[in-house]
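Written out below as structure tokens is the structure these notes cover.
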Amino acid sequence: MATARPPWMWVLCALITALLLGVTEHVLANNDVSCDHPSNTVPSGSNQDLGAGAGEDARSDDSSSRIINGSDCDMHTQPWQAALLLRPNQLYCGAVLVHPQWLLTAAHCRKKVFRVRLGHYSLSPVYESGQQMFQGVKSIPHPGYSHPGHSNDLMLIKLNRRIRPTKDVRPINVSSHCPSAGTKCLVSGWGTTKSPQVHFPKVLQCLNISVLSQKRCEDAYPRQIDDTMFCAGDKAGRDSCQGDSGGPVVCNGSLQGLVSWGDYPCARPNRPGVYTNLCKFTKWIQETIQANS
């Protein structure tokens, strides 16, 4: 677990690094960032202390992916959405329930010890009647995951027990069909709602985005895109970002992608979010769950 530092230190770190580099940096959904070790890839896991109060500036030790210019999700509409927590109430990544005892998240969200919260709408630690709490007992990143290249950015997490299916907690199917340009999708998460400032929402945020052609994706990020990724966004500057990493991209009722990485600051014109392309991994997901159940 990374050591918590004052929030101003991380803001100052990000600003100084940006000035020194003189270029726009890429944001990952959750690697720890340190001023002692500047990197061209800025992590975007949230590590927000939920006890600090929803909507306040981050009390975190790294950056995190978030929903920029989204809106409050309707309650009970994202029952597969999970929060990965460090300590009692520190959000660091999103995840998706894909099986009664298994989650998918981004491989760069891997931690040794963490808790999982499902069925919760607010970012606050206050108990909600639909919530279910779990321990993550096994994390299995894809064997082809590479950092900082971000290829194959997915990981399976086994829960310590099966979920109790309710209106607030249920799995979603992973799509076996790859998305086409123009497909309308929805991304959700509790990540920061401003960039480069850090400001966390009170409740789960949702955003409608459109899948872009692979050419537009490659043009936006030359020599950084492969077929394990796809880009999505819109012209109005709406995007996922820090704190949303590992969260779901749902298209036509199925799980199509996971929040992976993107530009920093987020929600910049012609710099879309980049998502793990799950249609390429359905066999690995099924076989891994079967082999470890």
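Glycine residues also receive a Cβ, built from the backbone N, Cα and C atoms like all the rest.
Annotation source Swiss-Prot lists signal peptide at 1-22, citing sequence analysis.
The feature compositional bias 'Polar residues' is assigned by Swiss-Prot to 37-49.
Annotated region 'Disordered' per Swiss-Prot: 37-68, in sequence order.
Residues or ranges marked as domain 'Peptidase S1' by Swiss-Prot: 67-290.
According to Swiss-Prot, the feature N-linked glycosylation site maps to Asn69 (among others), an assignment based on sequence analysis.
The disulfide bond annotation in Swiss-Prot covers Cys73-Cys206 (among others). Summarising the environment of Cys206 (disulfide bond), the number of other Cβ atoms within 10 Å of its Cβ, over all protein chains shown, is 19. Cys206 (disulfide bond) falls within a strand segment according to DSSP.
Per Swiss-Prot, disulfide bond is recorded for Cys93-Cys109 (among others), and the stated evidence type is experimental evidence.
With a 10 A radius on its CB, His108 (active site, charge relay system) counts 26 other CB atoms from all the protein chains. Residues or ranges marked as active site, charge relay system in Swiss-Prot: His108 (among others).
For His150 (site 'Major binding site for inhibitory zinc'), the number of other Cβ atoms no farther than 10 Å from its own Cβ, over all displayed protein chains, is 24. Look at Swiss-Prot and you will find His150 tagged as site 'Major binding site for inhibitory zinc'.
The 10 Å shell around the Cβ of Asp153 (active site, charge relay system) contains 31 further Cβ atoms across the protein chains shown. Positions annotated as active site, charge relay system by Swiss-Prot: Asp153 (among others).
Mapped onto three states, the DSSP output places Asn173 (N-linked glycosylation site) in coil. Within 10 Å of the C-beta of Asn173 (N-linked glycosylation site) we count 12 further C-beta atoms, all protein chains included. For Asn173 (among others), the entry in Swiss-Prot reads N-linked glycosylation site, with the evidence type sequence analysis.
Sequence annotations record features per position, and here Swiss-Prot assigns disulfide bond to Cys178-Cys279 (among others). For Cys279 (disulfide bond), the same-chain residues lying six or more positions away in sequence with a CB closer than 8 A to its CB are Ser175, Ser176, His177, Cys178, Pro179, Gln256.
Cys251 (disulfide bond) falls within a strand when secondary structure is assigned with DSSP. Among the features that Swiss-Prot reports, disulfide bond is placed at Cys185-Cys251 (among others), with the record citing experimental evidence.
The N-linked glycosylation site annotation in Swiss-Prot covers Asn208 (among others).
Secondary structure at Cys217 (disulfide bond), as computed by DSSP, is helix. Contacts of Cys217 (disulfide bond) defined by a Cβ separation under 8 A and a same-chain sequence distance of 6+ are given as Ile225, Met229, Phe230, Cys231, Pro272, Val274, in order along the sequence. Per Swiss-Prot, disulfide bond is recorded for Cys217-Cys231 (among others).
What Swiss-Prot records for Cys241-Cys266 (among others) is disulfide bond, and it gives experimental evidence as the kind of evidence.
Reduced to three states, the DSSP call for Asp153 (active site, charge relay system) is coil. Sorted by the number of other CB atoms within 10 A, the disulfide-bonded residues Cys109, Cys185 start with Cys185, the lowest.
Straight-line distance linking the Cα atoms of Asn208 (N-linked glycosylation site) and Ser245 (active site, charge relay system), rounded to a whole number, equals 16 Å. On its own chain, Cys73 (disulfide bond) has Tyr121, Ser188, Val203, Leu204, Gln205, Cys206 as residues at least 6 apart in sequence with a Cβ closer than 8 Å to its own Cβ.
Candidate disulfide-bonded residues: Cys93, Cys178, Cys231, Cys251. Fewest other C-beta atoms within 10 angstroms, Cys178.
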